[in-house]
Structure formats: C-alpha cells, structure tokens
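Enquirer: Pulled these features from Swiss-Prot for this protein:
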TRANSMEM  24-44  transmembrane segment
TRANSMEM  75-95  transmembrane segment
TRANSMEM  111-131  transmembrane segment
TRANSMEM  140-160  transmembrane segment
TRANSMEM  169-189  transmembrane segment
TRANSMEM  196-216  transmembrane segment
TRANSMEM  224-244  transmembrane segment
TRANSMEM  318-338  transmembrane segment
TRANSMEM  352-372  transmembrane segment
TRANSMEM  390-410  transmembrane segment
TRANSMEM  422-442  transmembrane segment
Amino acid sequence: MQHHDIPGAAPQPIDKLLAPFRRFFAIEASSGILLMAATVLALVWANSGFSASYHALWSNKVTVGFGDYALSKALILWINDGLMAIFFFVVGLEIKREILAGELASPRQAALPIAAAIGGMLVPAGIYLALNGGTAAASGWGVPMATDIAFALGILSLLGDRVPLSLKVFLTAVAIVDDLGAILVIAFFYTANLSFSFLMLGFAAFAVMLLLNWLGVRRVTPYLLVGLVLWFALLKSGVHATIAGVLGAMAIPARSALAPAVLRGTARQALSVFENALQGDTPVLASQDKSHAIHHVEMLTEKAGTPLQRLEHALHPWVAWFIMPVFALANAGVTVSAEMVSMLFEPLSLGIFFGLLLGKQGGVTLAVWLLVKTGIAKLPKGVGLGMYYGIGWLAGIGFTMAIFIATLAFEDPAHIEAAKMSILCASFVAGFGGYMLMRVLLRGREPEKA
C-alpha cells in the first residue's frame with residue numbers, strides 16, 4: 001500500500017501528478033477502454049498511408065540470448081507466445097482460485113456457470129461446423145468458442161451499480177470456465193508436430209514446480225526460473241507455449257503458511273509490539289524498536305498471504321493494461337479491402353460471426369433454462385432469465401481470445417485476416433446489442449447496495 005492510499009498521509013507532488021491516471025485505472029471499465037483504443041489505433045494504422053510500417057514493425061526479428069543459446073523470433077510471435085503465456089498464467093491463477101475458494105468451489109454453485117460456459121462453447125462450434133464442416137476452413141471451429149472477459153465485464157460495468165452482483169459473478173465464472181475450455185482446445189487440437197524430448201523436458205520442469213510446492217517453497221523466484229524452462233520446453237515441443245502459463249499457475253501454492261488460529265495469535269502479538277514501539281515522536285530511522293516492529297508486521301503480512309494471491313495481485317494490472325492492449329495493437333490491424341469485405345460473406349466468416357453472435361446467446365441461455373427447469377440450479381432473487389440472455393449477448397464478445405485462437409487455427413493468412421474481421425464485427429454487434437438489451441432490462445431497477 002502506498003502512502004497516497006492511507007487516510008491522513010500528507011500528499012506528495014507525485015500524488016498530484018499521478019492522480020488523473022489513478023482515477024482512470026480505478027474505473028472498472030478502464031482495461032476495456034484501453035483495449036478498444038488499441039484496436040481502433042491498429043485498424044486506423046493498418047488502413048492508413050503508414051500501413052507498411054504497421055506490418056513491418058511486428059515482423060521485426062527480436063533475439064534473446066547469445067551465441068548458440070539465442071532464441072530469435074518475430075516481434076508478433078514474442079507477443080503471441082511470450083506475453084500471452086503471462087496472460088494465461090494469470091488466467092490459470094484465477095481458475096485455481098475459483099476452484100479452491102470461489103464460485104467453482106461448490107458443485108451446486110458451479111453448476112450454472114459451468115453449464116452456461118459449455119453451452120456457450122458447443123453451440124457456437126456447432127454453428128461454425130454446420131457452415132464449414134468438411135472444408136479447408138473446418139479447423140476454425142474453436143474460434144467462436146472464446147469470450148473476452150475484459151471487454152464483456154467492461155461493458156457490463158458501464159451500466160453502473162444497477163447490475164446485480166450475482167450477474168457480474170456469473171459472467172466472470174462463465175468466462176473463467178470458457179478460458180479453461182479454450183486452453184484445452186489449444187492444448188489438444190491446435191498443437192503442431194510434437195518433439196518427444198522437449199515434451200519430456202517440459203514434463204520434468206512441471207514436476208519440479210509441483211515438488212517445490214509440496215516442499216513448502218513459497219518464494220516466487222524458484223517457480224519463475226523453472227517456469228521459464230517449462231515455457232521454453234513447450235515452445236520447442238510443438239505444444240503451444242501459452243499452455244506453460246496455465247501449468248505453471250497450477251503449481252503455485254494457494255494456501256497460507258499460517259493456520260488461522262496461529263495467524264490470529266501472532267497478529268495480536270505483532271500489533272501489540274507495533275503499538276508499543278510507535279509510542280513517542282522518534283522518527284522510524286532513529287528507532288531500532290520501531291524499525292523491528294514494522295519489519296515484523298511486514299513478515300507476518302507476507303506469511304498470512306499466499307503466493308497465488310501475491311502473483312495475481314502483482315500481474316493482473318500488467319495483463320489488463322499492458323499485455324492485452326499490446327496484443328490487440330499487434331493483432332487487430334486488419335487492412336480492409338474490397339476483397340476482404342467480400343470474404344465477410346464466405347462460410348468461414350459467417351460461421352464465426354453467427355457462432356459468436358447467435359451461438360453464445362443461444363448456448364448460454366438454453367443451458368441456464370435447462371438447469372432451472374430441471375431443478376439443478378435456481379436463479380438468484382430478482383434476476384430473471386432475460387438478464388441471462390443479455391449476458392449471453394455479452395459472452396459473444398470474442399475479440400482478443402477469439403483472435404488468438406484464429407492465429408493458431410488457420411495457416412492461410414487470408415483466412416486469418418477474414419477471421420479477424422469477422423471477430424471484430426461480431427464482437428462490436430454483441431457488445432452494443434448486449435449493452436442496449438441490459439440497459440432496457442435494468443431500467444427502473446434499484447442500485448445494488450454496497
């Protein structure tokens with residue numbers, strides 16, 4: 001916690017300078033706004049007189065290492081294979097947290113979002129295959145299965161505190177299960193020819209990370225170092241490197257080093273020492289007792305938390321406000337031409353468009369309706385099926401996740417460009433339509449109490 005967060009702390013000049021940025025990043029929809037800005041910039045850049053510089057930038061080779069131990073890849077591949085591995089690492093941390101202590105911890109709680117996510121994956125894939133089955137484009141069935149959680153939640157947050165908390169939690173849980181589905185699709189269906197030796201190296205690295213967890217190692221550095229080996233091994237094995245992020249997250253310790261009873265007793269003792277040491281006006285630097293007391297509280301705070309929480313808290317801002325906007329900037333720059341517009345009416349583009357737009361809303365709503373009708377799940381008080389239909393619209397915002405899967409699903413650059421254009425069109429319609437529908441459904445509703 002910085003001093004600007006503490007009531008009564010004297011504001012510093014840097015606080016006034018950074019205040020506008022802090023206000024922006026405190027807005028729930030800020031990551032979605034940045035994503036949208038990056039997308040618009042990419043589209044304008046790719047369709048301007050500087051389009052050649054746009055494509056040349058991402059094609060530049062970047063080399064990491066030295067001599068025979070160097071890895072050289074185009075900048076866009078460092079983004080898609082490297083930065084996106086960090087994104088999937090954070091996704092993996094979220095999945096693990098939700099399974100252990102969140103909406104997916106209880107089978108009864110988890111039933112509704114899991115069923116909705118499965119419906120929201122199967123129906124879009126089915127629509128796509130109905131239009132493209134047996135063709136060269138059939139491999140793209142995984143593209144309309146994806147949901148962009150940042151955009152979907154960002155648009156939902158624009159509706160303010162009239163949105164029931166249960167709906168926000170539901171959409172988050174659906175997106176997390178959806179991400180898990182996307183991870184499995186990437187791992188099992190969009191994997192190149194496998195290298196057994198590198199696969200074994202990756203398996204060994206993952207086993208070492210699990211061993212570190214079992215031994216009670218709570219420092220992040222050992223996991224980071226072994227995780228880099230895991231990433232490199234999977235990159236060379238043929239399995240997509242982003243899977244290393246998910247596997248690494250599964251090995252991160254998720255339990256506190258202190259039992260609740262021990263934590264309570266130690267906390268009381270630490271606070272007592274802290275209060276006694278802080279008596280008087282002696283500066284901290286001049287008092288060894290005060291310095292020791294502060295250090296003691298810091299150590300207790302670190303032990304009370306979990307490595308999973310610390311990593312998620314530290315990495316989430318980087319993912320939301322840097323990695324995803326950079327990914328959008330590098331991948332959303334589709335050059336619009338007459339040929340590209342005509343391709344929007346091809347089965348590939350139509351399969352993605354209708355899969356995201358109709359498949360998501362139909363799959364999510366149908367799954368919720370079936371579970372409620374069969375008595376397996378109940379809708380929260382004051383929330384009707386219509387609101388879940390609105391959530392189905394927002395789940396059709398595939399954007400970054402769908403674009404990422406499209407880059408893996410297709411080899412033909414023309415197919416990739418057509419898929420990107422279709423994803424952008426479907427995501428825009430789903431986002432705008434979902435926002436307008438939810439706005440109507442929430443009209444006259446009392447704001448949620450904090």
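These residue numbers are counts, starting from 1, taken along the chain as shown.
In case you wondered, yes, glycine gets a Cβ from its N, Cα and C as well.
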Enquirer: Need a quick answer: max count of Cβ pairs under 8 Å to the transmembrane segment (111-131), which of 75-95, 169-189, 224-244, 318-338, 390-410 is it?
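Expert: Maximum Cβ contact count belongs to 169-189.
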Enquirer: Can we call the transmembrane segment (224-244) and the transmembrane segment (422-442) in contact, meaning three or more C-beta pairs below 8 angstroms at a sequence separation of 6+?
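Expert: As far as Cβ distances go (cut-off 8 Å, pairs 6 or more apart), the transmembrane segment (224-244) and the transmembrane segment (422-442) do not touch.
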Enquirer: Quick check: do the transmembrane segment (169-189) and the transmembrane segment (422-442) share at least 3 Cβ pairs under 8 Å, counting only pairs 6+ apart in sequence?
Expert: no
Enquirer: Do any residues, 6 or more residues outside the transmembrane segment (318-338), come within under 8 Å Cβ-to-Cβ of it, and if so which ones?
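Expert: Residues 25, 30-31, 34-35, 37-39, 41-43, 45-47, 51, 54-55, 58, 75-76, 79-80, 83-84, 86-87, 90, 150, 399-400, 403-404, 407, 417, 420-421, 424.
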